[in-house]
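Down below is the structure, laid out as structure tokens.
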Amino acid sequence: MGKSNSKLKPEVVEELTRKTYFTEKEVQQWYKGFIKDCPSGQLDAAGFQKIYKQFFPFGDPTKFATFVFNVFDENKDGRIEFSEFIQALSVTSRGTLDEKLRWASKLYDLDNDGYITRNEMLDIVDAIYQMVGNTVELPEEENTPEKRVDRIFAMMDKNADGKLTLQEFQEGTKADPSIVQALSLYDGLV
């Protein structure tokens, strides 16, 4: 993408409009903001973490932001270009429940082997607990990452093999209204 250009080429806007749930005008607006914050046209992990720190000032979002960064960074070059950013934003903010669940499963499947292991889920849940800090009062049965993961696996790991397939993850998540609600949090806000 162009260095500090305030406008995208029409063919790029058209392509991103086709690939996302955003209008041409919205793509242009997001690009303008992206270039303002990232004049190089790219966002690195440290910059991404800084953004998360603004939203979670009472916890430590570093670990979670790194996990999210890795999902946004589709081509795995250590930087998020605008096209990667807008496509991930589209799914997380306006995608269908199944699209959001596929995206979330990429977040949890840290080694990209198609399964979410207990340890992978523990890494993510621990990162979430660090990020929110003491700002959220958790029920006794979920007040540690380990307890939360035990509860999730008891509910979702139907064949008790210690790992979740995409199907188990999707079905289990849909059966838990609190998870569906969390995934729908940003609907209509962007």
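Glycine is no exception: its Cβ is also placed from the backbone N, Cα and C atoms.
Features of the protein shown, as given by Swiss-Prot:
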LIPID     Gly2  N-myristoyl glycine
DOMAIN    60-95  domain 'EF-hand 2'
BINDING   Asp73, Asn75, Asp77, Arg79, Glu81, Glu84  Ca(2+) 1 binding site
BINDING   Asp109, Asp111, Asp113, Tyr115, Glu120  Ca(2+) 2 binding site
DOMAIN    144-179  domain 'EF-hand 4'
BINDING   Asp157, Asn159, Asp161, Lys163, Glu168  Ca(2+) 3 binding site
REGION    174-190  region 'Interaction with IL1RAPL1'
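Feature map: annotations from Swiss-Prot on the structure.
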residue : record                : DSSP class
Asp77   : Ca(2+) 1 binding site : coil
Asp111  : Ca(2+) 2 binding site : coil
Glu120  : Ca(2+) 2 binding site : helix
Asn159  : Ca(2+) 3 binding site : coil
Glu168  : Ca(2+) 3 binding site : helix
- Item | Sequence-remote partners of the domain 'EF-hand 4' (144-179) [C-beta within less than 8 Å, at least six residues beyond its ends] | 97-98, 101-102, 104-105, 108, 114-118, 121-122, 125-126, 128-129
- Query: Expressed to the nearest Å, what is the distance separating Asp77 (Ca(2+) 1 binding site) and Asp157 (Ca(2+) 3 binding site) at their Cα atoms?
  - Reply: 33
- Let me know the model's mean pLDDT on the domain 'EF-hand 4' (144-179). 91
- Most isolated by CB count within 10 A, of the binding-site residues Glu84, Asp161, is Asp161
- Of the binding-site residues listed as Glu120, Asp161, Lys163, Glu168, the one whose CA lies nearest the CA of Glu81 (Ca(2+) 1 binding site): Glu120
- Task: Using the centroid of the Cβ atoms of Asp109, Asp111, Asp113, Tyr115, Glu120 as reference, list every other same-chain residue with Cβ within 8 Å of it (recorded Ca(2+) 2 site), in sequence order.
- Result: Tyr108, Leu110, Asn112, Gly114, Ile116, Thr117, Lys163
- Task: Determine which residues of the same chain, besides Asp73, Asn75, Asp77, Arg79, Glu81, Glu84, have their CB within 8 A of the center of the CB atoms at the recorded Ca(2+) 1 site, and list them by sequence.
- Result: Gln42, Phe72, Glu74, Lys76, Gly78, Ile80
